[in-house]
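These come from Swiss-Prot:
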BINDING   167, 168, 169, 192  NADP(+) binding site
């Protein structure tokens, strides 16, 4: 069996070309103004700084602007909330990204939820998640939404299929399950307390690795002909799924790197563009 590669890197590049055309149209209509993404980085974590830079570069590639706000490691919850409130009230800003994780003294959930729904382009607020869960309009969490866009492009059928999501985080596993449920898949969510995890994964037509541990999901847990989506990325340049033994016996898979990651960033930028289009009418 020759597996289909769900190439997120190439798809993101294609989407960027389409987005640039939309940005050009918007700028012509808005007297040269363009959507602006504000990124907030608290502390000096090198990986987080790299991710923020990548998001700024992606904005630039499609003709949008980004504003990078860097706060000290000692920033308090109150100080961060004040900065978010300032950005909420800045009509020139169309999207707000608070880079995860923040220092331990900060109430991250409170700060996520302080982002206005209209500017929650990373899909991290409880209000946005609740609306999405009820089938109402809201920006989706960037990684699961990026996965859905990837699966849609490659025409991976979800309706009637059994999807197993391994991981239940608030910004990945849970919204991933809800989006797949909305697409009429039958969804099982697994986590660290799940019993008989290998047996459950073996039942899956579609497996989503969202557990945050390198190659935690073993190749022999996955049945022939399944679709494998790996949302993990680790310093060893591997994901959450033991991928190498699978490439000759699954129907399709996301490579690591080059699969889910580029689509996460692309979705963040796309949703910022959508926010800008709404703001400019």
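Including glycine, each Cβ sits where the backbone N, Cα and C put it.
Owing to the predicted nature of the structure, the values given are computational and were not obtained by experimental measurement.
Locations of recorded Swiss-Prot features on the structure.
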residue: 167; record: NADP(+) binding site; Cβ within 10 Å: 24
residue: 168; record: NADP(+) binding site; Cβ within 10 Å: 18
residue: 169; record: NADP(+) binding site; Cβ within 10 Å: 16
residue: 192; record: NADP(+) binding site; Cβ within 10 Å: 11
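The DSSP secondary structure for residue 167 (NADP(+) binding site) is coil.
In the three-state DSSP classification, residue 192 (NADP(+) binding site) falls within coil.
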